[in-house]
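What TrEMBL lists as active site, proton donor is HIS460. The AMP binding site feature in TrEMBL is assigned to HIS460, ASN461, SER462, SER463, HIS464, ASP501, ASP613, GLN665. Summarising the annotation, TrEMBL assigns Zn(2+) 1 binding site to HIS464, HIS500, ASP501, ASP613. For ASP501, the entry in TrEMBL reads Zn(2+) 2 binding site. Annotated compositional bias 'Low complexity' per TrEMBL: 267-277, in sequence order. Feature annotation from TrEMBL assigns domain 'PAS' to 152-223. The domain 'PDEase' annotation in TrEMBL covers 384-707. The region 'Disordered' feature in TrEMBL is assigned to 251-286. What TrEMBL lists as signal peptide is 1-29.
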Amino acid sequence: TSLASSSSAFPLEQYLFFSLFLQVLLVFAKEDSQSNGFCWACEKANFRCSMARTPESALECFLEKHHDLIIIDHRHSRHFDAEALCRICHDSVWVLTSFLTSRPDREEASVMPLINAGFNRRYVENANMMACYNELLQLEHGEVRSQFKLRAGNAIFTAMEQSQEAIEITSEDQVIQYVNPAYESITGYQQGELIGKEIIEVPKSEKNKPDLLETINSCIRKGKEWQGIYYAKKKNGDSIQQNVKITPVIGQGGKYKDRRKGSLDVRSTTSRGSDGSSQRRHSSMARIHSMTIEAPITKVINIINAAQESSPMPVAEALDRVLEILRTTELYSPQLGTKDEDPHTNDLVGGLMTDGLRRLSGNEYIFSTKQPHHIPGQLTTPLSLNDIPPRIAQTMENEDSWDFDIFNLEAATMKQPLTYLGLKIFSRFGVCEFLNCPEATLRSWLQVIEANYHSSNSYHNSSHAADVLHATAYFLCKERVKQSLDPIDEVAALIAATVHDVDHPGRTNSFLCNAGSELAILYNDTAVLESHHAALAFQITTRDDKCNIFKNIERNEYRTLRQAIIDMVLATEMTKHFEHVNKFVNSINKPLAALEENGNRILVKRMLIKCADISNPCRALELCIEWAGRISEEYFAQTDEEKRQGLPVVMPVFDRKTCSIPKSQISFIDYFITDMFDAWDAFADLPNLMQHLDNNFKYWKGLDEKKLHNLRPPPE
């Protein structure tokens, strides 16, 4: 591309950048006023300067620092062979070399022998410091900067040669200047057949809209980037669909914006030539098909694009529809049908997977953030694992079984199941040993966490937390899960399960956002409850040494553990349910080693706590029925309060007078549970859970078919 010289001033900060890093090597056989002149000039210009007296020391110094500018004293050729030294330096790296000669005789000799040796500039002897300084500035602003750009240019062209994306560069007059190997392989043309030709000489596909080229040219003439679908024609006559980005590029002094922030705003400018005439700066257009740095979804789209080429029309049209879906942002969120779809499904999805209608009522909803949270000093002295009363110990005998009855423990412990079950499970997994934590600290921690669950909630209370802890411990014992996770992952999972709903107000995220609650404002209506659970858990744990189970672990280990706990608690938020499930499904098709190597343990941990959190439909029938009644009651209470406060009713079907609990359970299982547990079962091998799920689904279906709305059929 032809570029005119720029008349714009070079910014001071860029000059300083060059100056601070420019390396100069002075090769002088002996010290004199000339060598001192260049030393002074280097210091004045802020260049880094090295001095060598012999060819050997010069070469050694050069090979160590690879100077940008070498000045060789040619006045005393008897001391060393300046031409030989110059050739050696040029063989090592592309450098600029200036040479020094004494005042010329009356008849000027040709400089060609010296240029052939590698010198590219001659400086006539002049020891004046300003003369030396001016020479250095001219070299830096001319040849040195040009060399910097050339070095970068070599790297850029190497990158384009290696790129798997097709790249074509044309002049502003649309003459092809360069195509890379990927372009050749995609189109079937060779460089020699294209370079020097105008674009209009290359056959075009009839699939393009008639006015497409004019649209593109109009965009480029305005200095704007164009991006879209373009059909090129291969050498063999086939059409090929390409995602094309055409970018106008101008030379030094042009203005541009980061393409990630919008279109590239490049304008043609003019500068005065040496003859005073106005010379136009020519621009180049780089056509980059797809993105140079690909996201996985881009790779998928490119694969589909390639498949379309050889597909019959019905398949190509179907793939077009696939591409439309893939280009949306909500790839993992299923799209509900019309409003005529089952209202129970609509309401569950709306209530659990959105953050509300964002309509503030004026009656701001305030809950426990204004009340002091329970602290260890307010609690009774915790019991030791060995001191657990026999009747409570008896209810926990089969806590390692899936059919363990959490409600028996709830009754036996006077609604404190989390502390007792936590002591048992944490002991079984050696959590105190891992954390180097006294049992008394663990007991205090479990009690203070349980005290911050709301016993007034029908569902989101410490019994639910204990149930999730039990399921988590059960899953951690499955062989495939054990193979996938490290001990620190197991400890993180048990802690995350224990705290995952701490201080839950018994209302959904949608409710809190609609009510303008303090927490919704604090967390910007995003993962409000889950963010609160994670943050409060660490506040409670670390504010008092009596319950700080993390006190004795090493800092880096604590950071790793904290990150894992937070990630798992946030994974229980339902808005990303399908994202987590689909990522996990995509990962389990890989070998176990690949799971570990790729760091996908995090997907296993997210899936584990998600399944534990909503495992109610996979419990024994009586347990499933009890949980269904409790969650329904909590949703009924929320609907009642929404109506009282004039808030949007998030889940209208959960009206205690009209709700069909069987229908709500069927929708929940169909929409959230079945696919997730199918995937989890395929990974962890859980046939007993899947059998319970099947039995429970049939139970709810049976009630619904009889048009019954309650938890159980009426007595015979």
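Heads up, the Cβ atoms here are built off N, Cα and C, so glycines get one too.
Neighbour counts of Cβ atoms within 10 Å were taken for the binding-site residues ASN461, GLN665; the minimum is at ASN461.
In this structure, the C-alpha atom of SER463 (AMP binding site) lies 12 angstrom from that of HIS500 (Zn(2+) 1 binding site). Each residue contributes its Cα atom, and for ASN461 (AMP binding site) and HIS500 (Zn(2+) 1 binding site) those atoms are 11 Å apart. The binding-site residues in question are HIS464, HIS500, and the one with the fewest Cβ neighbours inside 10 Å is HIS464. For the recorded Zn(2+) 1 site, residues HIS464, HIS500, ASP501, ASP613 set the reference point as the centre of their Cβ atoms, and the other residues of that chain within 8 Å of it by Cβ are HIS460, ALA465, VAL468, ALA497, HIS504, THR572. Per DSSP, the secondary structure of the domain 'PAS' (152-223) breaks down as 35 helix, 12 strand, 25 coil. Long-range Cβ proximity for HIS460 (active site, proton donor), meaning a same-chain Cβ under 8 A and a gap of 6 or more residues, is found for TYR453, HIS454, ASP501, HIS504, GLY506, GLU634. The domain 'PAS' (152-223) scores a mean pLDDT of 80 in the predicted structure. Using a 10 Å radius centred on the Cβ of SER462 (AMP binding site) and all shown protein chains, the other Cβ atoms total 29. Listed in sequence order, the residues of the same chain lying 6 or more apart from ASP613 (AMP binding site) and placing their CB within less than 8 Å of its CB are VAL468, HIS500, THR572.
Those residues noted as binding AMP (HIS460, ASN461, SER462, SER463, HIS464, ASP501, ASP613, GLN665) have their most widely separated CA atoms at a distance of 22 Å. Within 10 Å of the C-beta of ASP501 (AMP binding site) there are 24 other C-beta atoms, taking all protein chains into account.
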